[in-house]
C-alpha cells in the first residue's frame, strides 16, 4: 500500500466535503440564477477546482516525480482566491444596488465591474505565470521558481482585496439605506474579509517570500480559510430571497408596456391627422372612421400605461423591498405617482399610521437630473395640509400623516431606507415622465381631433375642454369634501 502523507489525508477528507459544497453551490445557482452577476457560479467553480486539486494530489502518490502534476496542483491552489473575490464583489454589487435604488448613489456598478475585471486579470496572470514557472523536486517536495507574471497576479490580488475592503467600508457607512433583508449580505461579506486576507497572506508567503509552505500553513491558511468562507456564503445564499438578474426581467417588462403605450399614442396621432385631412377633403365618413380609430388607440395607450404603472409599482413595493411605512414611487409618471400616493396617504391615515416615507428618487435617471416626482409630492402634501420634509437622503420625503411637525431623524421609526428598482429615465412632458422617445401624457387623455362635419368638430372641442377640466374639478371637490369630513 502506498504511503500517504498529511497532504494526501487532507485531500481524502477534502474531496467529499467539497462535493457537498459543489452540490449546494449548484442548488444556489438554480435558486438565484446562473448569470455571473449573481456570483454563485463562482462558488461552484471554486468547489470544482478544489476537488480537481485534491484528486491531482492523490494522483501524485503513484507518480511522485511527475512535475506536470505538481505544477497543476500548485496552480490550482494559487488561483483559488479569485472565485472567492468575484463572489464577494457580486454580493457587494447587490448591496450597492439596494442603496442606489434609494437615490443615494455611493458607488456606481461600473466600478464594481472594473474590480471584477482586475480579479479576472489576476487569475489569468496566475495561471499563465504558473504554467511558465520552473518546478524542481527536492527530497520528495516541490520547489517552485515563480515568474514575474505570477508575482503580478498576486499583486493584482492585493489591490483587488484592498478595493474590496474599501467598498465594504463604504457599504457599512451607508447601511441605513440598504433594503430590508439585504443587511445579512453585508454581514456575510464583512465576516469573510478576515479569512480572505489570511488566504492572501498564504499566497504572498509562497510567491513573494519564497517560503515553501509546510502542511500546517497549507491546511490553515490555504484550505480552511476558503472552506470557512464558502460555508458561510452558502448558508447566506440559502437565507437570501430571490434576486433577479440585475432586475433585467422587471425592467424589460416595464419597458415593453411603456413602448406599447408609446406605439399606440403614435398611431392615435396618425389617425387624428388622417381624420383632419379627410375633413378638409369633405370626406366626413372617412373623418369619422379615423376619429374612431384614434379613440381606440388612445384607449389602448391608457391601458398599457395602466399595466406598466401597476407592474412597476408592484415590483418596487414587493415584500422585503420596502418597509411597511414606506412607498416607492420610482418608475411612475408624475400623475400616476400623485394618484397612488394620495390613495396610500388616505389608507394609512384611516389605519392610524403616524408617518409615511415617500421614495421619490433624486432624478439621477431623468434628463437634466431634475427631480420630477418630488415637487408634485410636496404640492400634494400642501393640499392635504400635511407637514413634510426632505430626509437626509434627498430621494426620500418624510410625511407626518397626523398633521404635526415632522419628527427629527433620531425620532423616526425604523431609521432604515428601503427601495425598489431604479427610476426609469427620460424626459417629462405635461407633468409626466417621458420614458424614451417623444411621448406625451400618461393617464390623462390627450387632445383628440375629431371631425365628420362642422358640428362634429365643435363637439370634439367641447369634449376636449371637458376632458381637461372635469378631472381636475372633481379631484379638487373630492379633496375639499374629505377636508370638511
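Using N, Cα and C of the backbone, Cβ positions are placed for all residues, glycine too.
Over in TrEMBL, the protein carries these features:
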TRANSMEM  6-30  transmembrane segment
TRANSMEM  42-60  transmembrane segment
TRANSMEM  72-93  transmembrane segment
TRANSMEM  114-132  transmembrane segment
TRANSMEM  152-173  transmembrane segment
TRANSMEM  185-209  transmembrane segment
TRANSMEM  215-242  transmembrane segment
COMPBIAS  260-269  compositional bias 'Basic and acidic residues'
COMPBIAS  280-299  compositional bias 'Basic and acidic residues'
DOMAIN    327-402  domain 'Smr'
COMPBIAS  419-459  compositional bias 'Low complexity'
Would you mind listing the long-range same-chain contacts of the transmembrane segment (215-242), meaning Cβ under 8 Å and 6+ residues beyond its ends?
5-7, 10, 14, 17, 21, 24-25, 28, 31-32, 40, 43, 46-47, 50, 77, 80-81, 84, 87-88, 91, 181, 184-185, 188, 191-192, 195-196, 198-199, 201-202, 205, 320
Going along the chain, which residues at least six beyond the ends of the transmembrane segment (152-173) come within the CB cut-off of under 8 Å?
78, 81-82, 85, 88-89, 92, 95-96, 99, 106-107, 112, 115, 118-119, 121-126, 129, 186, 189-190, 193, 196-197, 200, 203-204, 207-208
So what's the mean pLDDT when you look at the domain 'Smr' (327-402)?
83
